[in-house]
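Asks: Have a look at this one before I ask anything.
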Amino acid sequence: MNVCARAVAGIGALSLASAALAQVEDIPPGWGVAMQEHHFGTLLVDRFEYAWSDDNEEALVWDFQGWYGGDRQRVYLKGEGENTQGDGEDAEFESLDLLYSHLIADFWELQGGLGYQGGLGSGDHPERGFAVVGLMGTLPYGIEVDTSLRVSEDGDVSASLEGEYDLRVTQRVILQPRAEIELAGSDVEEFGVGEGLNSTRLGLRLRYQITPKIAPYVGGYWEKQYGQTADFTRDEFGEVEGSGVVAGIRLWF
Amino acid sequence: MPSAPLLSRRQLLQAASLLGLSTAALGVRPTWAAPAGLANVYPQGLEDGPQVSLAVRREARQIAGKTAYPITLNGTSPGPLIRLREGQDASLKITNLLDEKTSVHWHGIILPSNMDGVPGLSYAGIAPGEVFTARFPVNQNGTYWYHSHSGLQEQLGHAGPMLIEPAEPEPFHYDREHVLLLTDWTFEDPRDVFRHLKVAEGYYNRQERTLVDFFDDVAKHGLAETWKQRSMWQQMRMSSRDIADVTGSTYTYLVNGHTAQDNWTALFRPGEKLRLRVINGSAMSYFDVRIPGVKMTVVAADGQPVQLVPVDEFRIAVAETYDVVVEPEADRAYTIFAEAMDRSGYVRATLAPRLGMVAPIPERRRIADRGMEAMAAHGGGMDHASMSTGSSDHSAKAAMDHSSMAGMDHSSMAGTDHSSMAGTDHSSMAGMDHGAHGTAHAPMAEMNHTPADQTASAAHGSGLLAAGVAQPESRYDQAGIGIDPAERRVLVYGDLKARTPWPDRRPPGRELELHLTGNMERYMWSFDGKKFSEVDGPIHFAHGERLRLIFVNTTMMEHPIHLHGMWMELENGAGELIPRKHTLNVKPGERVSALVTADAPGHWAFHCHLLYHMDAGMFRVVKVA
């Protein structure tokens, strides 16, 4: 599989990097290296929440990212999706990306790899694959952003931009505004995507850090669709603007 | 030497120490508590040299009332006091009973490089079940320590004090001595600590600025000023509260293996002069040490004698040692208070005429916010991408500005008191208008003094500062972050003066400038922007040469820089009487220089002594040949 090949290539690159160890000549081989290079991995479930929308829909929503690697090169797995409750359908991944990531500046990583959208093993949702390029990092003022540009297997181009900010109210209470914008280069009716600005989504979450790794939260969101995307939704008798409340937990491993 | 008599001698010593030291162990008193009159120099056991055996194990011990699994040396963690005498031939046998490799580095001891105990440089390390004997002539005296140089073992308590008695009597008098070994213990696996630092910036900081602090500041300084200050830090994506990477949120601070609760007590008779040998054997923690109600007289730094400095408090960087003489007069208890630099915790011991006494614990200070000097270090207001320290060689470029400063006309300065000059208004900086920081560096940038390649011109021996003169941008008159000099007399590097000039009076033949660099967010630490895994080879010193090392700290953290095998003579402005040290604390934004006589052939470790900084790559090899 393509995905696997990419992962293997990425991990290969990582081990190659770690092989470049500082050598001191005329030290007997077998003494080892004075300081080892280390690799790490982590998984952050940024959002794992239950959402109640103002049009009486309920959904389980998730958004996670994990990585493994060194200081400059890493392999990322990112996933975002939801399972609408009571619609008789299985969960859908809005995106599931496997990316190679390279540190290009102190606060910025350039990422590229493969993406997937669909039901992951379920026939309830249409599927498509992407080539993904992204830029992830922190803007001045500590605003964390994750952008990605996608080209689907059919050549359809789309982009997304996410930003969030942690405002520390106390050592444990953190207010997090977040914003998400989706754009597309062409109409893809099957996925309800219209050309141009698709949607914006704003959220505000207040979390309580029991430990830095476990933080339950409550919050709310507002979202709106635009243009052809909104029309596609209307055709399906869906709401193009709405809001909701959420309760969830942020986890970190 | 045949081994049989050696063994019996050892048994004799053991028997003696059992009788002499540990009578209390049989009774109800804590094991460290020996009645006044006996020498309870150090509670974790004594190994008298020159022949010493250390068995290294991992075993369960009680720390702060909980079961912990430290690395022990002869059954204690931290390990026993090794006592040697100047002029002896030390023979220190280490038996590794761990299930991984280990090593012991004799910190601050001048010895052959194959005895220095650094795996990969001195030897391959000591494999499980193996024995290694470090043999070296003891040509110095003073207070030192030893610790593992393998992985993160030091964090597990693999450390202990080492005391070398002088061959000649010392020029000061004392009646009794105590060792105070400060360490930081965590119940977490050190590998987890490292991972937390690597994957989640600020993981251990529970003193971040909050909205509450913001409103407090607005009330104090007004909205405009507060906004200006805060927005600068925010623009830099940094925390001004980043004082310590690993804090009291996971650490239990220990003195001689005992918590503040345990209240380890050092005994004295009123009127006696006590010599306290204070060693910072922490993995990551700087401490501020004081004894309320008692003036301390600093008599030695890093084991080397210095001219007496009376102080109320001293900051001890990781791996440093200070010897102070105190003379508590009243028949009462005194608290020895060691507060972590970021104020996230403390440890205390008690100085008392009898056991079971306590004195009040002084009021804790609040964490300070880093100010202009730290921002300047990071190039505040400048283009950050170009200051990038982790991902490119830009730091080398930044270096140019600084090295060109060395070309300034210092002749006019040479006569003035540099220690006071360097920092005149720095102490007031915390209260300064931080908004003005953008201009702080401007004059420097404009001082486009020629020699871009300072090192090359230095090779000719021209254009260098005179030996012993303090670098501009050093702050030897300041103890550092969180210290209010108006509150009490605190030791600063500018106070340290050798008793007599150190033997090599040659001026430096060249300068070697190293930038201390890092990327906080990724927890990457390095010299000149390159982690150890990224450098091609060692730093070369020519055997016998006299050179000047210059450290420029471009990060916002303090770094205790340690050179193995050779002394660093700290150019703190004391001219001929510059002190020599094995570990130099370099504050954020500071430019610190030291003279080195490269008289020790071999490969030597050279690194930041913050354990996780070193392991993250702030490590180099110095090759003297």
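Note: Cβ is positioned from N, Cα and C throughout, glycine not excepted.
Worth saying up front: this structure is predicted, and the values here are computed from it rather than measured.
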Asks: Can you say which of B:378-402, B:403-427 is given as region 'Disordered' in TrEMBL?
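Replies: Within the set B:378-402, B:403-427, TrEMBL attaches region 'Disordered' to B:378-402.
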Asks: Helix, strand, coil residue numbers for the domain 'Plastocyanin-like' (B:57-167) per DSSP?
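Replies: So the domain 'Plastocyanin-like' (B:57-167) is made up of 7 helix, 52 strand, 52 coil.
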Asks: Which value does the mean pLDDT take for the domain 'Plastocyanin-like' (B:57-167) in this predicted structure?
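Replies: Here the mean pLDDT over the domain 'Plastocyanin-like' (B:57-167) amounts to 97.
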Asks: Count up the helix, strand and coil residues in the domain 'Plastocyanin-like' (B:506-624) according to DSSP, in that order.
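Replies: Per-class counts: 12 helix, 60 strand, 47 coil.
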Asks: Give me the DSSP three-state residue breakdown of the domain 'Plastocyanin-like' (B:227-340), ordered helix, strand, coil.
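Replies: Each residue of the domain 'Plastocyanin-like' (B:227-340) counted once, the result is 10 helix, 51 strand, 53 coil.
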